[in-house]
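Following: one structure in structure tokens, then a few remarks.
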Amino acid sequence: CLLLARAMGKLQSKISFHTTKYRADGSVGQTGPAGASQQHSPAHTDAVTSVAALKPDLCVSGGRDKSVAVSSWRSGAALRRFLGHEREVTKVTSALDSNRVFSASRDKTVMMWELHRTSGPSQHFPGHDLVVTGLAVSPDASQLCTGSRDNTVCKWDTETGECLGRAAISRNLVTHLCWVPGEPYVIQTSEDKTTRVWDSRELQVAHTFPAKQHIQTCCDVSQDGRYCLSCSSGSAGHGAEATLWDLRQTRGRVCEYKGHFQTTTSCVFLPRGPTLPPSIATSSSDSTVKVWDQDTAGRR
């Protein structure tokens, strides 16, 4: 146990202060004594397409195997598996600390699952004409916003399954959605290279940030609701940046994070520690994850 604790401490120190990127080839790992890690059966039988936090010790994932899984990140074990979609699951989300899990699919539908329910989905949200590519749930889990490659964003009542609104914008092929904590606003990225702020109350666009040079692939919102991130497609070192936007009165670009050589596929605000400055993380098709200082864009 003492050896394991020392090894984990060294690994944590390495990640926190020296490592700026983590490759898919496993260049970081295997630092503990042989046999120290626990092995579990995979949560999915095919590629994992999406993952989201559910509770402090649980996460939810969706896969090409059409399933949704709830796993413990502490043990690595898959605790629940939900089946119901007819095609690949594209996005999963939940209201943090809620027992409700939501999944979107290439079958053009969204489903809601109850963590302790033994049967099928507790709610079904059909209505999109193409694959559902965006999914955001309100903090109280009472409303859901969905987006699709059919150029529409929809709002739903999670209790009744009723569609409360539908808005269409030409060429707005939705890539991601996220709800601003404590606010009625939803952030949306698109293949039309823009990032939009929707007012969920009337399902109208409240603001559109200046268009970028490349497709915007993903977005995230800071826990204090002051900033949002978007990230870009790219290749050969062109594009592939992440952008920090101010959600307050100025609603302007604050900072860019450049360094990936291929499409930046996701971006996220990292939880802030008591002695650490605000940080963000980005992942890319160039097989790296980079951690950045949010304020200076310097890599950590």
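For all residues, glycine too, the Cβ spot is worked out from N, Cα and C.
Caution: TrEMBL annotation is automatic and unverified by curators.
The region 'Disordered' feature in TrEMBL is assigned to 279-300.
Look at TrEMBL and you will find 82-115 (among others) tagged as repeat 'WD'. Within its own chain, the repeat 'WD' (82-115) has Cβ neighbours under 8 Å at 49-56, 60-64, 66-70, 121-126, 128-141, 144, 146, 148, 156, 158, 176, counting only residues six or more beyond its boundaries.
Under the heading repeat 'WD', TrEMBL lists 125-166 (among others). Sequence-distant contacts of the repeat 'WD' (125-166) (same chain, at least 6 residues past either end, Cβ-Cβ under 8 Å): 90-96, 98, 100, 102-106, 108-112, 172-179, 181-182, 186, 188, 198, 200, 202-203.
Taken from TrEMBL, the feature repeat 'WD' covers 174-208 (among others). Helix, strand and coil counts under DSSP for the repeat 'WD' (174-208) come to 0 helix, 22 strand, 13 coil.
Among the features that TrEMBL reports, repeat 'WD' is placed at 257-300 (among others). Helix first, then strand, then coil: DSSP counts for the repeat 'WD' (257-300) stand at 0 helix, 20 strand, 24 coil.
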